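Structure first, commentary second.
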Amino acid sequence: MVELRVNAGNVKNPNVHKIGIIALGSHLENHGPALPIDTDAKIASHIAFQASLESGAKFLGVIYPAHELKEINHGIHVSLEDLTDEIVKVLKSAKKFLRISSVIIVNGHGGNLPIVTTLYDIEERTGLLITLNSKIIESEGPHGGSGELSMAKALGIIDESQVENQTNLEEYGEVGLYMFGEARRNDPNIEEGALDVEENGVYVDDVYGQELLKLAINSVLLDVEKQLDSHYGY
């Protein structure tokens with residue numbers, strides 16, 4: 001068998017090759033007229049890929065499906081069970097072919113947050129140690145709001161000619177999750193985001209977008225260090 005040069009390249013710790021980073025977003029979901037339907041997937045993929053470049057960990061790509069709360073209907077999503085099964089399938093394949101022993105899931109879609117309840121099941125079924133990183137969700141603000149618009153500007157995926165229409169909430173009620181009354185009543189954070197968009201509107205700031213992305217990337221890099229320090233599976 002060929003002996004791999006695990007110390008080759010800009011690699012500070014050869015054990016980083018045993019860590020995988022994979023994006024989890026949403027590919028089929030409305031974000032207002034200024035943002036593409038796969039905004040969450042593209043943002044999560046950028047964060048995961050950049051963290052992979054900077055850390056040396058393996059970039060595993062992106063999970064295709066996404067989950068959403070039943071009271072929020074702004075896209076095409078799957079059940080939590082189906083999402084869990086898909087993650088298990090993908091990670092089993094990555095473990096088999098890439099010899100990883102732990103994974104960081106970079107989550108860029110709030111509707112995926114319930115996956116935290118199935119992480120133990122995913123670990124048991126894959127034999128991998130899993131870290132779920134949702135830093136960007138914690139930082140970006142309302143759905144389709146200034147945070148996502150600014151990151152989209154930094155990534156070059158925004159239609160700036162449509163920003164002025166982003167707060168036409170009668171037509172694009174998914175922005176800020178404004179039109180989802182039940183979700184707003186059930187979750188104070190959703191209600192706060194909806195009111196923020198309604199009362200304050202949105203803006204685009206390239207520097208702010210870059211700062212949000214860097215904050216999220218650094219958070220993933222910290223998770224890589226934690227996995228290395230804990231000697232996960234090594």
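For all residues, glycine too, the Cβ spot is worked out from N, Cα and C.
Per Swiss-Prot, the feature Fe cation 1 binding site maps to GLU29, ASP40, HIS109; the stated evidence is sequence analysis. Listed in sequence order, GLY25, SER26, HIS27, GLU29, HIS31, ALA66, GLY108, HIS109 are the same-chain residues at least 6 apart in sequence whose CB falls under 8 Å from the CB of ASP40 (Fe cation 1 binding site).
Marked as Fe cation 2 binding site by Swiss-Prot on the basis of sequence analysis: HIS31, ASP40.
Same-chain residues with CB within 8 A of the center of the GLU29, ASP40, HIS109 CB atoms, the Fe cation 1 site residues themselves not counted, are GLY25, SER26, HIS27, HIS31, ASP38, THR39, ALA41, ALA66, GLY75, GLY108, GLY110, GLY111, ASN112. Secondary structure at ASP40 (Fe cation 1 binding site), taken from DSSP and collapsed to helix, strand or coil, is helix. Other Cβ atoms within 10 Å of the Cβ of HIS31 (Fe cation 2 binding site) number 24 in total over all chains.
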